[in-house]
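Trainee: So that we are looking at the same thing, I have put the structure below in structure tokens.
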Amino acid sequence: MVVEVDSMPAASSVKKPFGLRSKMGKWCCRCFPCCRESGKSNVGTSGDHDDSAMKTLRSKMGKWCRHCFPCCRGSGKSNVGASGDHDDSAMKTLRNKMGKWCCHCFPCCRGSSKSKVGAWGDYDDSAFMEPRYHVRGEDLDKLHRAAWWGKVPRKDLIVMLRDTDVNKQDKQKRTALHLASANGNSEVVKLLLDRRCQLNVLDNKKRTALIKAVQCQEDECALMLLEHGTDPNIPDEYGNTTLHYAIYNEDKLMAKALLLYGADIESKNKHGLTPLLLGVHEQKQQVVKFLIKKKANLNALDRYGRTALILAVCCGSASIVSLLLEQNIDVSSQDLSGQTAREYAVSSHHHVICQLLSDYKEKQMLKISSENSNPEQDLKLTSEEESQRFKGSENSQPEKMSQEPEINKDGDREVEEEMKKHESNNVGLLENLTNGVTAGNGDNGLIPQRKSRTPENQQFPDNESEEYHRICELLSDYKEKQMPKYSSENSNPEQDLKLTSEEESQRLKGSENGQPEKRSQEPEINKDGDRELENFMAIEEMKKHRSTHVGFPENLTNGATAGNGDDGLIPPRKSRTPESQQFPDTENEEYHSDEQNDTQKQFCEEQNTGILHDEILIHEEKQIEVVEKMNSELSLSCKKEKDILHENSTLREEIAMLRLELDTMKHQSQLREKKYLEDIESVKKRNDNLLKALQLNELTMDDDTAVLVIDNGSGMCKAGFAGDDAPRAVFPSIVGRPRQQGMMGGMHQKESYVGKEAQSKRGILTLKYPMEHGIITNWDDMEKIWHHTFYNELRVAPEEHPVLLTEATLNPKANREKMTQIMFETFNTPAMYVAIQAVLSLYTSGRTTGIVMDSGDGVTHTVPIYEGNALPHATLRLDLAGRELPDYLMKILTEHGYRFTTMAEREIVRDIKEKLCYVALDFEQEMATVASSSSLEKSYELPDGQVITIGNERFRCPEALFQPCFLGMESCGIHETTFNSIMKSDVDIRKDLYTNTVLSGGTTMYPGMAHRMQKEIAALAPSMMKIRIIAPPKRKYSVWVGGSILASLSTFQQMWISKQEYDESGPSIVHRKCL
């Protein structure tokens, strides 16, 4: 038993290994090198450190401490050198005794977490060991003995239940229901339930009868108890419920039945294990998968805080870990020690499980990242990044671009703002160029003020407001021609001029504050460009007003002075009438010369203006390209968004289709499950009806009206009445005829002798068996045997009783028709029925599904049966049985000098075979035992008083059944024949066949036959398959007993062939009525 270190028990409750704890508690840190100076000792100042016993112990154990105590291994504190004597026998014994108590018995190790026992120990599975009761006959009274063995006839059991308390408990607090359920006696359980016994009585381990039935895998009894209302959730002293034991046994069908009857799937035992956690801990993958389908809690914790995943990792089961990870279980959960599943996998070096956990974590990260990504948000971020890039190209400084741009939430709004900004900048540029606002020296990029060449007394028109409006109109026309895309239909020239001036003032203010110039798509305008554009505007105006001969263009370009007007407009001038203006001749000449100079300058300025105009157009084209590029990127993002939305809608449709298919599958599975449950209910009702009819017939039927049951075997014939527990007549199936006429003079000589009479006169008779290897070969002799059965053995008239005859499997159709014809035409029976011998043997064991290995005197059959129907395609026949064994025994006895030749001596050998022979579990080992010892030899006294010794012949004779080569036969043994028959059956019923292998016939009565069959079939079957050999004590007559049960049913009258039906249809009716 492994020690669990979840909590430190009290000092008085810990088992003291050979009295050392009481002696060593205070000397520990003095006696063991690994504990010196550790400060862990409980020794006080008055501790007796010089005790002689502890000195001796210290001298012996000083160098072995590190190797003898699990808590000190690997601590590096031992004084043992490389040459230390680690194999001393005394220390080996001490280490074996003290290893598991170390952390409880030595104060220095408590809580040190150095023990190799484990941080949280392991679970005690003693609750699941030895499920069946240990029963002694002297401890049981009559009722309990009958419930345990189930050998009491039904009538006697019914009478016994009337006179006894059905709830009486024995010394172990077991009721009759406990014993019958644990041993699988379903008939007794049925009777007890009909008597309304208490269902939830607890034995000495607080287990109900239902728990014992589930624990011992007696499914039929468990289902009966569940139907009558037994509580499946009552825990035993270990805290285990019925579902825990079903999971431990990997009995998925029983677990399903328990859940249908309300078993708690989340119940915990004293270790905190739910059925799911128990299945994981025991590495029962199939039931774990079943519980997951039944929605068991995957996050349940045991008392150490461990989840199913941590338990699977600790057990090293990669398949269960993979199964749990498919359910999206939490891999980050920690137990009470703070460790996760991955940490346990790493510390235990489970590399495959580590890889599974790593792959699962990567998949989860990818899934989370894909869920967080949103197509609309991606499109929005794309447009914002593009807008920010466009904005950054304008606002960023030449030396360093900003690494954290401001993200705008609306990409379209930002594009519109950019376009408005460029529009306002362009308009402001043109207006500032034409208006000449603010004074400067030319260094700051402003228009320099030119000196006026007009005389001081020069006259100007009085209508200054009209000039102002004409200038505004001129500027508006120019803007419409140069930038039609950025102008608005309802724009006001005065507002545009005013806004442009304000923006230019803001730009100038930014220049004065030392801000670097903006890196935008529009080219830098220098002083010369300003002057050229100004002159171009002036020339255009002069062309319109040249007829007036007034110097208005000059005044237009030179009239603005620094500091005149903060609003950026041209200040008004004093009006002068042209009529009063007079120019002297010198002034006229000067005027004409100035005019010519101005004309030349204007021509040059026109060329420069054209160049400037081309540059402006190129700049506008660049702006258009930028805007088109942004629009294309936005359209591409919109297309991607549409594609993602389309893909999303497609995925939703696929998910909907998958959900529909899943619902359809669930519905179909529910329908199948419902159908299976209905079939189970119908089978149960049918069985109940059969049992009730059997009980009724047992109480009412007497010998005068009972059916006659005749089992025709190759060597023996068994006959009796339906309802009896055993046949009334058993005699050899032989017919003897005198070898010579008149040999028996003085006596009334018969033509033939049958049965025991023929065997007693075998010395003068020729004996014949009318049935060879299970098939009737001589119908005249067989008719004599039946006549002897009716009139001599049973002493009844066959015309007054229905008859049930047995036949071997695969009996020819002609033989079946001949049997029917003889019964109705020769013996005039009122009704008859023919039943297969293997099916009747299975009925005797209380089952309807299983495989029967029937070995009698002449033939051996292995017959798989499903729901009472034999499977002919999987039935195998072996012409090896009990009749060949006496001849083989006579042969091997001659090796020791014993010679048997006559028919009488052959009967002596047959008696030796039946009384002394047995089946060896291991033939080779048994032969070696006989060669070295005489313990297996037995003595046999012959009729003349001579005593002979039988040695290895005892088990060599029946070994021929498993190794036919001993007889010179080239065929499989009975175990291989049984296995081959199971493998020929359908895959779905093989498990039921393995667990319900029934032995039948006289040849299977050898001691050790069941254990040898268990061993041999287990070696041939799959390793995980459970093998169960059923060997009834009276299997020699199991065929006849099964016929007695069948003929006792009230429904048997519906099964048999009546005389009227035979007269109407003839012998062939046997094929329709007797399947």
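Any Cβ shown, glycine's included, is placed from N, Cα and C.
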Trainee: Out of 15-71, 585-641, 642-698, let me know the one Swiss-Prot marks coiled coil.
Mentor: 642-698
Trainee: Could you check which of 399-435, 547-583 is flagged in Swiss-Prot as coiled coil?
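Mentor: Result: 399-435 is the stretch Swiss-Prot calls coiled coil.
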Trainee: Helix, strand, coil residue numbers for the repeat 'ANK 1' (172-201) per DSSP?
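Mentor: The breakdown for the repeat 'ANK 1' (172-201) reads 17 helix, 0 strand, 13 coil.
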Trainee: Can you work out the mean pLDDT of the predicted model over the coiled coil (399-435)?
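Mentor: Averaging the confidence scores along the coiled coil (399-435) gives 41.
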